[in-house]
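A.B. asks: The structure is given below, and queries will be raised subsequently.
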Amino acid sequence: MNGGFEPDRLTSEPRLSLCHHTHTHTHTHTHTHGRTCAILCLWQQKRPEVRVELVITVMFTHSPGALTSAAPEVTIMWSLPASFLLLLLLLLLGQAPPSRPQSLGTMKLRLVGPESKPEEGRLEVLHQGQWGTVCDDDFALQEATVACRQLGFEAALTWAHSAKYGPGEGPIWLDNVRCAGTESSLDQCGSNGWGVSDCSHSEDVGVVCQPQRQRGYLSERVSNALGPQGRRLEEVRLKPILASAKRRSPVTEGAVEVKYEGHWRQVCDQGWTRNNSRVVCGMLGFPSEAPVDSHYYRKVWNSKMEDPKSRLKSLTKKNSFWIHRVNCLGTEPHMANCQVQVAPAQGKLRPACPGGMHTVVSCVAGPRFRPPKAKPGHKESRAEEMKVRLRSGAQVGEGRVEVLMNRQWGTVCDHGWNLISASVVCRQLGFGSAREALFGAQLGQALGPIHLSEVRCRGYEQTLSECPSLEGSQNGCQHENDAAVRCNIPNMGFQNQVRLAGGRSPEEGVVEVQVEVNGVQRWGAVCSDHWGLNEAMVACRQLGLGFANHAIKDTWYWQGTPGAGEVVMSGVRCSGTEMALQQCQRHGPVHCSHGTGRFSAGVSCTDSE
């Protein structure tokens, strides 16, 4: 390239090569991808200050009109008038999309596979509110490693091609994913772009991660669970129908309603099973479900539908049934993990629940949440080969998991710990399913032995002893790996019956309670006679503030709420395990030797022991 170059004549020699590229996978199928490479070479002018080098690579996919560009490599050094050549090339090529997916933050991933093995499954990506799959083209160990790390695991063991974990549904969001292996998120890797793929679901990729969680990975949780088409199932409740059910606390029987976009929607009863009820009850804090007299509720439904003024009839006309079919195995910690079909949109000819009615569910409360006079019709616990307890939890239903083996309490290692196993613990203790499985001694490190590791419950077990596991000493576990849980508990309404006033922070102050006085609910103070740490612990727990630092008998320096200075509760004696001061022993008629004012009971709470 030593010929002359005249800037105003451009005697350059362009060369265009069209190359057809075929790449073969390590497995049994082959794809052909068309790629076009355009290279323009300009030789250097005798004057060294004028030099143009430009290399642009363009890739065409098989999709008509689709164009994806690898990152252009451009080195340009010139002095005018060669610049118009660059402008011409850019006009011809157009604006190529970037080689990696654009995201509004870290991409959300999930693995769909065996329930007892959360570390493996079909890799799915959430984009534009919809879950989709990833094609196995170019997918290898480095891409699997990035995905596993993003999911909270230490590394990848391998990957699986050709839809080993079954073909997915919906779009194939990513294809030809290319990672270096050092990225922290899959959206930092290159790919063809969102939805640009020539694959079918028979090529959905799966990954197998190491079961160990990353240090610092805090928990697996179901809060803000995503349901069908990525829609968020915000909350579930039972709306009591019978007058007797309305008077109970907690509510254990009623119509299932799901909160979506701020509105409560009903669930159609067609195809409803006891497994579905078990999942709903677990979400509401109940360990098990009970049979429902569906014939009776059908009569109630029909009678209300015949009433033209019935609110139920108007709701049905408005198509308030948002979910019209649910299929749960009974082991899921949340309804969003079940197969859920959403009702057709308003205006569709087909009704959402043809011939059906709202779903009614009945749940069985755990021993701590039953009315005092209720006598359970079954044994409180099975023959216990292994006892379980929770320690160091600031709230009811949470804590570090400890098991009793060989007459010694020990912990559970978080290797392999997940929501399924955590839910078995919660139900065994009389709570609902787990809303969070915690790793890395999040609720404190214990002393003594580590009894279990690699606990692999399937969700059907009644006790933790029925789940396969290894001895904790076999897996190199330390107490920094102590597993913990946060369980769903019923809404008892206790938190609305106590408050603190006058303190320097929300965690301290005069204790004020709401009780019934002469048939009227009134707020007032608690007499500090016999007020001690057990009573203060119950007050802090009821407030949702964890543990008690101090039980305070002299609160003259704190100003209570105006109108609530009169003592309405006295003689309070708690064992320390109650959930509310109203559950503790106390005087019938109030009798406080100190009177009111400066000797009202107070507390200082903390969220750690």
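Residue numbering: from 1, along the chain as shown.
Glycine is no exception: its Cβ is also placed from the backbone N, Cα and C atoms.
On a predicted model such as this, the values are computed, not experimentally measured, just so you know.
Checked TrEMBL, it gives:
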DISULFID  C135-C199  disulfide bond
DISULFID  C148-C209  disulfide bond
DISULFID  C179-C189  disulfide bond
DISULFID  C328-C338  disulfide bond
DISULFID  C413-C477  disulfide bond
DISULFID  C426-C487  disulfide bond
DISULFID  C457-C467  disulfide bond
DISULFID  C574-C584  disulfide bond
DOMAIN    109-210  domain 'SRCR'
DOMAIN    236-364  domain 'SRCR'
DOMAIN    388-488  domain 'SRCR'
DOMAIN    498-606  domain 'SRCR'
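I'd like these features described in context: how deep, what's nearby, how far apart.
C.D. replies: Under the DSSP three-state reduction, C135 (disulfide bond) is assigned to strand.
Cβ neighbours within 10 Å of C209 (disulfide bond), excluding its own Cβ and spanning all shown chains: 26.
When secondary structure is read from DSSP and collapsed to three states, C189 (disulfide bond) falls in the coil class.
Within the same chain, the residues at least 6 positions away from C338 (disulfide bond) whose Cβ sits under 8 Å from its Cβ are N276, V279, V326, N327, C328, L329, E332, listed in sequence order. In the three-state DSSP classification, C338 (disulfide bond) falls within coil.
Listed in sequence order, I450, L452, S453, E454, G472, N475, C477, N481, D482, A483 are the same-chain residues six or more apart from C413 (disulfide bond) with CB atoms under 8 A from its CB.
In the structure as shown, the Cβ atom of C426 (disulfide bond) sits within 10 Å of 31 other Cβ atoms.
According to DSSP, C457 (disulfide bond) is assigned to coil rather than to any helix or strand.
Every protein chain considered, the tally of other Cβ atoms within 10 Å of the Cβ of C574 (disulfide bond) stands at 23. In the three-state DSSP scheme, C574 (disulfide bond) falls into the coil class.
For the domain 'SRCR' (109-210), the predicted model reports an average pLDDT of 90.
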A.B. asks: May I have the DSSP-based helix, strand and coil counts for the residues of the domain 'SRCR' (109-210)?
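C.D. replies: Going by DSSP assignments, the domain 'SRCR' (109-210) contains 16 helix, 34 strand, 52 coil.
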A.B. asks: Using a 10 Å radius around each Cβ and all protein chains in view, which of these disulfide-bonded residues has the most neighbours: C477, C584?
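C.D. replies: Top count of Cβ atoms within 10 Å goes to C477.
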A.B. asks: Please tell me which one of the disulfide-bonded residues listed here (C179, C199, C467) sits closest to C584 (disulfide bond), measuring Cα to Cα?
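C.D. replies: Nearest in space to C584 (disulfide bond), counting only the disulfide-bonded residues, is C467.
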A.B. asks: Using a 10 angstroms cut-off on Cβ to Cβ distances, just flag whichever of C148, C189, C457, C487 is the loneliest among these disulfide-bonded residues.
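C.D. replies: C189, out of the disulfide-bonded residues C148, C189, C457, C487, has the fewest neighbouring Cβ atoms within 10 Å.
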A.B. asks: By DSSP, how many residues in the domain 'SRCR' (498-606) are helix, how many strand, and how many coil?
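C.D. replies: Grouping H, G, I as helix and E, B as strand yields 14 helix, 40 strand, 55 coil.
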A.B. asks: Looking at the disulfide-bonded residues C148, C179, C209, C487, C574, which has the shortest Cα distance to C135 (disulfide bond)?
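C.D. replies: Closest candidate to C135 (disulfide bond), judged by Cα separation, is C179.
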A.B. asks: Could you state the CA-to-CA distance between C574 (disulfide bond) and C189 (disulfide bond) to the nearest Å?
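C.D. replies: Just about 58 Å between their Cα atoms.
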A.B. asks: Can you tell me how many other Cβ atoms are located within 10 Å of the Cβ belonging to C199 (disulfide bond)?
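C.D. replies: The answer is 19 other Cβ atoms.
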A.B. asks: How many other Cβ atoms are found within 10 Å of the Cβ atom of C328 (disulfide bond), counting all protein chains shown?
C.D. replies: 22
